[in-house]
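Listed features, source Swiss-Prot:
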BINDING   7-14, 20-21, ARG59, 86-89, LYS97, 113-114, 182-183  substrate binding site
ACT_SITE  HIS8  active site, tele-phosphohistidine intermediate
ACT_SITE  GLU86  active site, proton donor/acceptor
SITE      HIS181  site 'Transition state stabilizer'
Amino acid sequence: MKVVFLRHGESIWNRENRFTGWTDVDLSSRGIEEAENAARLLKEEGFEFDVAFCSVLKRAIRTLWIVLDKMDRMWIPVEKSWRLNERHYGALQGLNKSEMAKKYGEEQVLLWRRSYDIVPPRLENDDPRHPRFDPRYRSLPADELPAAESLKDTLERTVPYWKERIFPAILSGQKVLVSAHGNSIRALIKYIENMSEKEIVGLNIPTGFPLVYDLDEQGNKLACYYLGDLEEIEKAQHRVAAQGKASS
């Protein structure tokens with residue numbers, strides 16, 4: 001049984017090297033091209049999806065639209081959930097990662113970006129960026145809305161959704177595409193592969209490259225691989241890893 005994870009194409013704030021989190025930033029022109037390329041790769045490998053799952057953030061939604069349009073699958077059911085949103089970066093959202101590395105040091109920024117259980121500085125409850133002011137989360141209990149999240153927090157909301165909605169669809173024989181974000185995908189991979197906290201620090205998910213997982217009936221990994229040119233994928237992974245370094 002296969003499932004395809006797709007991190008959205010490059011966003012405008014990815015391009016500007018800013019912490020994005022739950023900020024609803026759109027794709028850059030390069031991100032649109034990455035989504036189109038992802039669709040081409042999936043078509044070339046013969047993928048045809050029956051259902052898709054997506055976050056409620058437009059960079060993932062637009063990536064999914066582009067992919068389904070290019071694959072002539074716009075008609076399939078799409079389920080959107082905030083539980084697939086990017087990790088919430090709290091008060092760091094909107095700030096430049098390299099500038100933060102200069103101010104606080106690369107090690108601190110790496111901990112904020114890639115550690116498992118360290119939470120970045122939280123938003124104040126009256127901060128207009130707090131999700132309680134966003135209409136898309138109006139129906140959710142206030143205590144479920146984060147002011148900041150660690151990867152552990154992200155895993156605790158994504159894994160139940162995987163168990164309740166996504167994996168049952170895979171188990172039923174449906175061909176599933178998940179359009180999400182670097183950290184929500186990292187959280188799911190940590191769960192699927194039973195990765196240690198140390199191992200997850202080094203996992204970097206590039207934008208726009210389909211990641212295929214072959215699973216057994218218990219949801220354990222049998223194999224996984226990216227679609228695309230391996231050299232380009234490695235370069236993209238290195239770019240993700242370098243985002244928290246102080247620029248010279």
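Cβ coordinates are placed from backbone N, Cα and C, and glycine is handled just like the others.
Overlay of Swiss-Prot feature records on the structure.
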residue: ARG7; record: substrate binding site; Cβ contacts under 8 Å, 6 or more apart: ALA180, HIS181, GLY182, ILE185, ILE205, PRO206, THR207, GLY208, PHE209, LEU211
residue: HIS8; record: active site, tele-phosphohistidine intermediate; Cβ contacts under 8 Å, 6 or more apart: LEU27, GLY31, ALA35, LEU57, ARG59, ALA60, ARG62, THR63, SER179, ALA180, HIS181, THR207, GLY208
residue: GLU10; record: substrate binding site; Cβ contacts under 8 Å, 6 or more apart: LEU27, SER28, ARG30, GLY31, GLU34, THR207, GLY208
residue: TRP13; record: substrate binding site; Cβ contacts under 8 Å, 6 or more apart: PHE19, THR20, THR23, VAL25, GLY94
residue: GLY21; record: substrate binding site; Cβ contacts under 8 Å, 6 or more apart: GLU86, ARG87, HIS88, TYR89, GLY90, LEU92, GLN93
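In the structure shown, across all protein chains, ARG87 is the one of the recorded positions ARG87, LYS97, HIS181 with the greatest number of other Cβ atoms within 10 Å. Within 10 Å of the C-beta atom of the residue listed as 'active site, proton donor/acceptor' sit 26 other C-beta atoms, taking all shown protein chains into account. In the three-state DSSP scheme, HIS181 (site 'Transition state stabilizer') falls into the coil class. When other Cβ atoms within 10 Å of the Cβ of GLY182 (substrate binding site) are tallied across all protein chains shown, the result is 21.
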